[in-house]
Amino acid sequence: MIKLFNTLSKNIEVFKPIDEVVKIYCCGVTVYDLCHLGHARSYIAWDILRRFLIYSDYKVKYVQNFTDIDDKILKRAKEENSSMNEVSEKNITEFHKDMDALGIMRPDSMPKATNHICNICSFIKVLEDKGFAYIRGGDVYYSVFKNKNYGKLSNQNILEQNINQQGRITTDESNKKENPQDFALWKKAKDNEPSFDSPWGKGRPGWHIECSAMVKDELGETIDIHLGGSDLIFPHHENEIAQSESANNKKLANYWLHNGMVNVNGQKMSKSLKNFTTIRDLLDSGTSPMTLRYFVLTVNYRKPLDFTDEALKSASEAWKNINVALSLFDITKKENLSIEVNETNEFVEETYKDMINYEISQKKIKFTNALNNDLNTAGAIAIIYELAKPLKNFINQFQRIKNLEINTNEKFHLRETFKTLEELTDVLGLKKEEIIIDNRINEDQILSLINKRLGAKKEKDYAEADKIRNLLKEKGVELIDQSPELTTWVRI
């Protein structure tokens, strides 16, 4: 049975679905920029949860939203002399590229906030009619003091809250509130900004109400699992609970799961510290998608993930060994050695077959038990390594000894081990990658890094510029600075 740590109860609990279909909602991105390593960590973790539920014979409906109206999007549109919709659509496309590259299954539904305005307004109206919301000059606010259970997810004491903790508020908003802890459900339209009609006049929804409305519209009033990063526990998820349970008089979610944050060399990842890395930058620098995925899986999803060059290099080496094992059939086929097919005249001793089948069944049980234990991916990877090791050893021997002969028992062992390795790596979303013979990177990756280096030099971040130059040199590329704005390159 699957056991998960529930942030709401602060305990590991046995997972018991409400109905035949497990209903999951995951908070999605605000689409104003490319995704960073924190997004990779979060969405890989929840992809494992979804895959494991399916592997465990559950039916799953998985919904993840896009916040496509927000101050950050409007600011980016102004910077780019673009529109809110153009910025959103561009970054939604880029989001899919990154997630597809990392092997993350697309959600069953990905609603956009702007497509749910009518439902959001209806939701707010219910809160207003029940006395949980009040109007101030075209804005609508939720009154947290009307909810005696407010703070149950985060253990926040309302009276001790800092006004700044409510997130995404302005000084103008704080001056309109009955209490500093209240939060916006609807924001009055500003001049020259996109807005929507509502019972309270033109405006746009607050951040928190979007998810409450979309959860109800897509999955119903009570769902099985709600997902997100630990940075969303307060205020976002606390406010979701307040809104939804006030409006519906029902529990919003039975299980709340939160992933830990990403640190870089022991420090919190942030743009201000200049240690901020996008998924795109990392992949363009030569890190393979499955290396990044493997790296994320080495640490329990609830713990902080410390991103260092050394840890990534270690993950790369470990993944290469598994990837070689997953290439068994490709490698042996080239030399006309048939392992993949069970030939009609192939005889395998029954006692040997029983022994191998038992060994493999035990590994599958250990793998399942690891993931049953609050998604212990490190424990699951240990079993993957046990399966990959004999395959890797055989490949080394096969490549070293010409015309290597193996008997039918050995073929059976290799074939069944390989099939199991494929099955279990699929649960972890680890897919075979083309084996790279040398350390070369392609031209698009080189140009992307050159542009990133030019940007670093423009910001006078010469340490980052030197780091990129050295990285390219390791990959066999020499940079030639023709001018402050022009850099050419040659392979060496």
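Any Cβ shown, glycine's included, is placed from N, Cα and C.
Under the heading Zn(2+) binding site, Swiss-Prot lists Cys27, Cys211, His236, Glu240, citing sequence analysis as support. In the three-state DSSP scheme, His236 (Zn(2+) binding site) falls into the helix class.
Here Swiss-Prot flags Lys271 as ATP binding site.
The annotation motif ''HIGH' region' is assigned in Swiss-Prot to 29-39. Taken through DSSP, the motif ''HIGH' region' (29-39) splits into 3 helix, 2 strand, 6 coil.
Look at Swiss-Prot and you will find 268-272 tagged as motif ''KMSKS' region'.
Neighbours of Glu240 (Zn(2+) binding site), defined as other CB atoms within 10 A of its CB across all chains, total 26. Taking each of the binding-site residues Cys27, Cys211 in turn and counting other Cβ atoms within 10 Å of its Cβ gives the largest count for Cys211. The Cβ centroid of Cys27, Cys211, His236, Glu240 marks the Zn(2+) site; residues of that chain outside this set whose Cβ lies within 8 Å of it are Trp207, His208, Glu210, Ser212, His226, Gly228, Leu232, His237, Asn239, given in sequence order.
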